[in-house]
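Swiss-Prot annotations:
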| type | residues | note |
| --- | --- | --- |
| BINDING | 75-88, 288-300 | NAD(+) binding site |
| BINDING | R95, R105, R133, D230 | substrate binding site |
| BINDING | D230, D254, D258 | Mg(2+) binding site |
| SITE | Y140 | site 'Important for catalysis' |
| SITE | K197 | site 'Important for catalysis' |
Amino acid sequence: MATILTLAGDGIGPEIMTQAIDVLNAVNNKFALGLTLESGLIGGVAVDATGEPLPEETLQRARAADAVLLGAVGGPKWDGIERSKRPERGLLKIRSELGLFANLRVAKLYPQLVNASSIKPEIISGLDLLIVRELTGGIYFGEPRGIRTLENGEQQGYNTMVYSTSEINRIGKVAFELAQTRAQAAGTPAKVCSIDKANVLEVTELWKQTMIELQQAEYSDVALSHMYADNACMQLIKDPKQFDVMVTGNLFGDILSDEAAMLTGSIGMLPSASLDEAGKGMYEPCHGSAPDIAGQDIANPLATILSVAMMLRYTFKQEVAAQAIEQAVSDVLDDGLRTVDILDRNEAGLIQVGCQQMGQAVLAKLL
């Protein structure tokens, strides 16, 4: 029997997690998956309860679990505390401690939401791209880092961006193999676009060269292209359907995946998976804790529900159950239900619903 650790976290985390757990329990029963759910603390609520953003008990339970489902962490309540104790540090630590080096973010536009995006329908209709982000290296983890006082009394902040060939090869393999899988399913040529700033950053010069060597040695059937990060930001808006799989480092991936989220109409629609080398993973919505709307029952739970589908697909290899959730979400959108973030007030026949009503509508499609 497999175990899933649920970590609701802060802000809207508990609201969206409640709906995701209901959906998970439904597919668990419907498809006899044999999954057991546990819960734990992370983020600000963990700081309040234990003084640590990632309590040792939570970390040990996460290591023992087959997968982790996360809500969201952080909020202004904890902005003034010691940096090492802030909620976001718990998230960085659990990713690092579990070896979750590969972050997968799917930007897929549901046809029902084509008018919810700020981009013209003819540019984004049919969008389905995957961003593969290296998650445990780069500037977010590089040492040395800090804020120091110079001899003249001025303060200076500094960080270090580092990648080794082994780290680049590891994330590259994930991207190339996912491109092969997606191409086989779609009946299209496999392609990967590697994002860097090799013109000004030596660390990404190594990134680019390592990707080239990996593709030539092991993945000659996958077309590899390269693009500077600033141009990639522009191209995601100008012509997003030119991409299938994008692979990049931690910093650029963080930025590009949030940009890609808005192509879909709302970051509230984007799930994500963070995987280790064995396929064990942590699954979470791409959005943050949104403390400004917490407790108001207006958050969009669909990204978290779709994260459950990704978990079933990538960690538990339950494709039928994953597709059932995705179809249920699509059916609910067909019915015209919209949380406020994906509501087009100029479109007739839509029904504005809250977090709970949206989650329960998806659940009803699965029963």
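Just so you know, glycine gets a Cβ as well, placed from its N, Cα and C.
As the structure is a computational prediction, the values presented were derived from the model and not from experiment.
The record assigns R95, R105, R133, D230 to the substrate binding site, and the maximum Cα to Cα distance across that set is 27 Å. Note: the CA-CA distance between G75 (NAD(+) binding site) and D258 (Mg(2+) binding site) rounds to 18 Å.
On the backbone, the CA of I298 (NAD(+) binding site) and the CA of D258 (Mg(2+) binding site) stand 20 Å apart. The Cβ of R83 has fewer other Cβ atoms within 10 Å than any other of the binding-site residues R83, R95, R133. Cβ neighbours within 10 Å of D254 (Mg(2+) binding site), excluding its own Cβ and spanning all shown chains: 18. There are 27 other Cβ atoms within 10 Å of the Cβ belonging to P87 (NAD(+) binding site). Residue pair D258 (Mg(2+) binding site) / R105 (substrate binding site) shows a Cα separation of 9 Å. In the three-state DSSP scheme, D258 (Mg(2+) binding site) falls into the helix class. Annotation for the binding-site residues D79, D230, D258: lowest Cβ count within 10 Å of the residue's own Cβ, D79. Around the Cβ of A294 (NAD(+) binding site), the same chain contributes D10, G11, I12, E15, G75, each under 8 angstroms and 6 or more positions distant in sequence. Using Cα positions, the member of the recorded positions R95, R105, Y140, D230, D254 nearest to R83 (NAD(+) binding site) is identified as Y140.
The Cα of D230 (substrate binding site) lies closest to that of Y140, out of the recorded positions P87, Y140, A290. When the C-alpha distances from D254 (Mg(2+) binding site) to the recorded positions P87, R133, Y140, K197 are tabulated, the minimum falls on R133. It is I298, among the binding-site residues A290, I298, whose Cβ has the fewest other Cβ atoms within 10 Å in the structure shown.
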